[in-house]
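Annotated features, as they stand in Swiss-Prot:
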type	residues	note
DOMAIN	409-525	domain 'RCK N-terminal'
TRANSMEM	6-26	transmembrane segment
TRANSMEM	32-52	transmembrane segment
TRANSMEM	55-75	transmembrane segment
TRANSMEM	94-114	transmembrane segment
TRANSMEM	118-138	transmembrane segment
TRANSMEM	152-172	transmembrane segment
TRANSMEM	186-206	transmembrane segment
TRANSMEM	227-247	transmembrane segment
TRANSMEM	274-294	transmembrane segment
TRANSMEM	298-318	transmembrane segment
TRANSMEM	336-356	transmembrane segment
TRANSMEM	362-382	transmembrane segment
Amino acid sequence: MSQLANPELMKVVILLASSVTIVPLFKRLGLGSVLGYLVAGCLIGPSVFGIVQEPTAVVHLAELGVVMFLFIIGLEMYPERLWAMRKAIFGRGLLQVGLCGCLLTFSGIYLLGLTKEVSFIAGMGFTLSSTAIVMQSLEERGLTSTSKGQRVISTLIFEDIAIVPLLASVAFLAPHSKEATPHTDWVSIGIALSAVVGLIVTGKWLMNPLFRLISKARIREMMTAGALLVVLGAALAMEIGGLSMAMGAFVAGVMMSESAFRHQLEADIEPFRGLLLGLFFMGVGMSLDLHLVFNHWILLLGIVFLYILGKASAVYIIARITRLDHREAIGRMSLMAHGGEFAFVLFSAAATAEVISNEEQATFTAAVIISMLFSPIIAQIARKLIQRTEPKHLDQLDENDLDTIVDLEDNVLVIGFGRFSQIVCQTLLIRGISVSVIDRNIENIRAAAKFGFKVYYGDGIRLDVLRAAGIEKAKCVVLGINDTQRIEHIVSQMKEAYPNLPILTRTYDRKTTVSLIKQDVDFIVRETFESAITLSRATLMKLGIDKIEAEEIIKEVRTLDQERLNEEVLHGFSNEIVKKYWTPRPFIKPHLDTKALNKETEEILSEKIEEEISNDHS
């Protein structure tokens, strides 16, 4: 039986089984999902059970998770916002990387006895925090979109940029660096700049036409394929240019941040991002050489303690120098005190160039992994310290955070942007209410641009698209689409996922109305009925009937129709109810008999009377 089992499939099953058992356990214990992934990877890696013998291949594949994560972050960074963050990126980011690098380099030289070159590589590798761990931590705490979270992200962006000159410095530190020529360096810089410019041009002028073309085909999987093409293509372009793949994905995300397709892209990428990011953390855990740890545990713990303490101190000092308060400085310190995945790239390049030995590479890599293992624990300790001085009242909050809170007020999510929804949106905007709209029709999106509405391309029937569009922040949802099946499907999903979220919708027929009433939809406007009632009132008044009397007649019709609707809701869809209520019947008995004015009408009416007589006898 075991001979028939596919060993590769067996590894995949074990990977999934270990993650779905260990990660929720660590999450429940309050240690975070990242530590759970790292421990799960360590257990199935070559140092423990040996189920996966080549963790490097897993890490290389799973790096795409980090790439996709940066793409999603880029989607939330409008170019204007990124420009507004330039001081934080090149100011606080440069200061933090510079001070951390200097402090750790000198610590390695004078406290660990390393050579200048080796100490520089080790110190700068540890200076670069793990983008994956920091972003995951921010997301779990709901801080990604806050001002504090944005300031952390700005530093991460600079660290992603810093890997480029650090890799270039390896060539100068190498024993045979004299062989490199200035011409070669300028060519490398030219290729890198060309990759960046090419990516920006592609994102600005080619991306939107591409997705408009794909959307017209109305093939959902093609949108997913297009999203993956954008992310992986951008990553490949940057890698060819000698830059970070994650940086390429981030730039692509920023270029698409103002596109009407951004929420659809985010929804399509999200499942791949989550799985691959978890796999990345497991791959890092697999890479930990426990034999090296046990043989040199005193040295490793000394390196980890020294570097974490040094980096944490530098992060805190820079935060305070740049006028961040004590609580935020501690939060940044706990988030960024560890080493990151870029250290593996730097150590590998340095070992290849013979700047550091293979033994030193293995030792420094193990130290970085151990620091990543400690990261969730450090964050937990820091969180408890912060909670002691957490503001209890709204007036104590950071004034920049108040902008985030205000943005969530009076937010309405409208699904469908036809003529019906356009009128609804204009009414809301006159009152100053924030409106977000989802539509999958390209022409509707183009029309919306003339009104200045926030309209995004996406299928409102997909819950992941709704989440990406901000349904969790919405005060209510308005359904303006004209497809009754899609209306019922959307309502069913939202009632299950967000039972307390008010839903207001339009309907065309009684059957859909009855179904939505049973699902406790908050408000239903029946277009046919309301249009007919309005026209009836106008007709009565045009015939000279007093307005008060006309209103009384309309009120009576509404009452009789409501009684009929209540019975339809109560008794369901039996044949008797359909026959009794869903065939047109007058609310009250006509005062005069029906008269046929031509022969054809007389034949039709006679057939109808015979049918009713036979039904009564049966």
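Each residue, glycine too, has its Cβ placed from N, Cα and C.
Since this is a predicted model, take the numbers as computed values, not measurements.
As a whole-number mean, the pLDDT of the domain 'RCK N-terminal' (409-525) in this prediction is 80.
Using a Cβ-Cβ cut-off under 8 Å and counting only residues 6 or more beyond its ends in the same chain, the transmembrane segment (336-356) has close neighbours at 59, 63, 66, 96, 117-118, 121-122, 124-126, 128-134, 152, 155, 159-160, 163, 166-167, 170-171, 173-176, 244, 280, 284, 287, 307-308, 311-312, 315, 364-365, 367-368, 371-372, 374-375, 378. Residue counts for the domain 'RCK N-terminal' (409-525) by DSSP state, with H, G and I taken as helix and E and B as strand, are 54 helix, 25 strand, 38 coil. Within the same chain, the transmembrane segment (6-26) stays apart from the transmembrane segment (227-247): fewer than three Cβ pairs sit under 8 Å, each pair at least 6 residues apart. Relative to the transmembrane segment (55-75), the listed stretch 274-294 leads the set 118-138, 227-247, 274-294 in CB pairs under 8 A. Against the transmembrane segment (298-318), the recorded stretches 32-52, 94-114, 118-138, 152-172 differ in Cβ pairs under 8 Å, and the greatest number is found for 94-114.
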